[in-house]
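Reviewing the structure listed below.
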Amino acid sequence: MRLWVLLSLLLLQETLPHVIGQPARSKRPKEPGENKIKPVNKKVKPKTPKMKERESADSSLKSQSILTQVMDKGRFQKLAATLSLSAGQSIELRCKGSNVTWNYPSYLDTFKDSRLSIKQLDRYGQLILANSTAADTGEYSCWLQLCNGNKCRKDETKMGSTYIFFTDKEELFVPTPSYFEIVYLNPDKPAVIPCRVTTPSAKVTLHREFPAEEIETDGTDIIYDVKKGFVYQHPTSDHKGIVYCKAESQGAPQISIKYHLLYVEVPKGPPSTTIAASSNRAEVGDSVHVICTVLGEPDVDVNFRWQYPGQESERPVIIQNFWRLINRGTGHTTRISKSVLLVEDFEARDAGNYICIAQNLQGETTVATKVELN
C-alpha cells in the first residue's frame, strides 16, 4: 500500500513540475500601468475638445467687449447692456488697452464736472464718476484707437458700452438745463421727445398740452424707448404743438419739461445761398456791408467762410454770423442763417469780388458779388 502511494506522488510531480515545490520563473519587467484593472464593457463618451472663448469662424471680425466695472475687494464685472445704480453711488469703469477713448453724457463736459475723472494707464483706461446724480443717467462707452502717425481710427472689434440708470425717486426724469425744448419734426426722419427716465421700470405716458389729452403710443408710429424717450417714426404736420411726459413709479406722478414740436419741410442738400452787397459801387471812406444768406432746416448748422480783395494784405474787416427761425404760415418752420462782412473806410484795395462759401453736412455752395470803386 505504501509503495502505491509513493508511486502516485512521483507521477504527480512529473506531471505538474511547477505547481508544488518548484521555484518561480524570472518574470519580464512590467510595463507602466500593466497591473491596473481595466473596466470591461463600459461605455466611454468621446471627449469633445473645449473651444477657446469667442473662437469661431469669424472670430477676427467679432467685437470683443473690453469694458468692466470695478467692484469691491478688487473684483471685476463685465457689464450688460444696462446697469441700475442708486444716485449718490460712485462708479469706476475700466477698458483694456493702451489707447482708450471714452464717451459719456455730454453735459459732464459742458459743465466741466470735477466729479468725473478719466485717466489712461499702461494697460487700461479708467473712468471714475463720484457722487452720481440722476442727471448722470446715460450711455457710457469706450473703444480702442488704432493710430498710424497722426491718423487714428476706432477699432470696431474692441469696444464696450453700457447704459447706466442712476435711480432717484425724487427725479424720475433725467434733469435738463432748460425748462422748455424745441423738437423739429422732419418728414423723412424719426423725431425724438427726449423725456428719459432714471428708473427703467417707471410707467411713462405722453400728453398734449392743448387740447389736453394723452397721446396714444401704438408701438408702431409712436414708440417709447427707455434710453431715448418717445420716438415719432414718421412725423407729420399733425404732430406739431406742445407736449410733455408723465412718469409714475411707486409714488406721485411727475411731469417732464415741455417740448415744442415744430414741423419742418426744407429740401435736403447743400445750402441754398444768396449774396448781396449794400452797394455795388462805393466811394472812398464809405462803409460797405456784404450779406450772405442761407435758407435751411432749423436743426442744421451752417458754416461760413469768406474771400475778399484785401484779405492777402490783412485788411481788417468785421464778420458777424447769426440765425433765427421763421414760421412760413403753413405750420412749417425754416431757419435763416446769415453772415455779414463789413468793410469800413472803403479804399481802392477793397474793390473786387467778395466770395461767400456756405457749408452744411450735405455739401457747400459758393456765391460771389462784385463791389467797384467809383
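Glycine is no exception: its Cβ is also placed from the backbone N, Cα and C atoms.
TrEMBL: automatically predicted annotations, no manual curation.
Per TrEMBL, the features are:
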- 1-21: signal peptide (SIGNAL)
- 21-61: region 'Disordered' (REGION)
- 39-49: compositional bias 'Basic residues' (COMPBIAS)
- 271-374: domain 'Ig-like' (DOMAIN)
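Regional average pLDDT for the domain 'Ig-like' (271-374) in the model is 90.
Secondary structure of the domain 'Ig-like' (271-374), assigned with DSSP and counted as helix (H, G, I), strand (E, B) and coil, comes to 3 helix, 64 strand, 37 coil.
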